[in-house]
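Student: Copying in the features that Swiss-Prot gives for the protein in this structure:
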DOMAIN    5-137  domain 'Topo IIA-type catalytic'
ACT_SITE  Y98  active site, O-(5'-phospho-DNA)-tyrosine intermediate
BINDING   E179, D229  Mg(2+) binding site
Amino acid sequence: MNSNDKKKVVRSWIEQFVHDFVEQLSKPTKDSVNVALKRRKHNSWNGSLDSKANERQKVKVFSFPRNETTIAQLFRVLDCVHEAVISDTVITKRDIYYRDVDLFKRQTVVDELLGDISNTIGCSRSDLNVEASAKGLVFGSIHIALENGTVITATKPLLISHHRISSITSTAKWVLVIEKEAVFQTLTEEALADTIIVTAKGFPDLMTRKFLVKLAKALPDAKFFGIFDWDPHGLCIYSCFKYGSNAYSHEPHSQLRNLQLLGPLYEDIFNKNQEFSLKLNKRDIKMITTLLQFEGFQKEPVVREQLQRMLFIQKKAEIQAILEFPSWIKGKLADADKSGKHSVR
């Protein structure tokens, strides 16, 4: 099903949904009118790690007039989506929120309703013509052509746009996915040849993940490496980039499966800078246990080894534990260039 067909499905679903609701209201014998959405229970901290999360969908029923505020919020969101689909314009979640702040009260209300709507229809959020507000940054030798005819470059850190991309061109050999913005900014000051740098400033948003997938398709010969804190949270973020998130299980095209962990690894830190390590807490240990059970990591021996080492020594460390970080990066990329492999030890 192409993009236009998906938009037709979304439009038809919304119109039928509204029609059914109005029809129920017109029946004088009914004391209340019900609407239903498919909602998900998902673990908010482990991203894609709970393999059973996608199976725990449930239907949430809202009754009018008992849940009149929620229903009003739902129909306001549907109105915005319907307008965006008909006019073929892309709006952001924040646009919807600011159209009726008094009604929504919180941005998360809009986020949850959009997730439930797309989950109920069985489409992605982009099929609703709604994107998250820009969060991620990209830097490097890259030209991005938008569908509106604009061509943008990233010779300075560029906010990843929600506008539709028609093509991406670059001669880069490497794409570095960085967990932290501070580390990203440090690398923009270095002369890293043939390299594109991307950060989502922590846990990745959907827009940044989808941009990376488009980048991977545009640059099939480039190698994608991830740089994350040597702790369970960092590897959880790596997992979300590579395997996706339960919160957007209906967004199958946001998994960067060719992403490989560059580091830092145990030997990068503890052979030199043990004083920069921190002790694991109970939450860290619980996360490590979950990560070791995660299906995606069963075929990643390097990642499993790092997690096991964390448990064994009861320590963790941040990227900043690498004192000569720019030199370390250049050395890792040089090793990858010599080996011609997609993983570096």
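Each residue, glycine too, has its Cβ placed from N, Cα and C.
Burial and contacts for the listed features, if you can.
Tutor: Taking the domain 'Topo IIA-type catalytic' (5-137) as a whole, pLDDT averages 80 in the prediction.
Under the three-state DSSP scheme, Y98 (active site, O-(5'-phospho-DNA)-tyrosine intermediate) falls in the helix class. Non-local neighbourhood of Y98 (active site, O-(5'-phospho-DNA)-tyrosine intermediate): empty, since no residue in the same chain at least six residues away has a C-beta under 8 Å from its C-beta.
Annotation for D229 (Mg(2+) binding site): spatial neighbours E179, K180, K316, A317, E318, I319, criterion Cβ-Cβ under 8 Å with sequence separation of six or more.
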Student: I'd like the per-state residue tally for the domain 'Topo IIA-type catalytic' (5-137) from DSSP, helix first, then strand, then coil.
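Tutor: Here the numbers are 74 helix, 21 strand, 38 coil.
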Student: Hey, what's the Cβ neighbour count for E179 (Mg(2+) binding site) at 10 Å?
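Tutor: Taking every protein chain into account, the count is 24.
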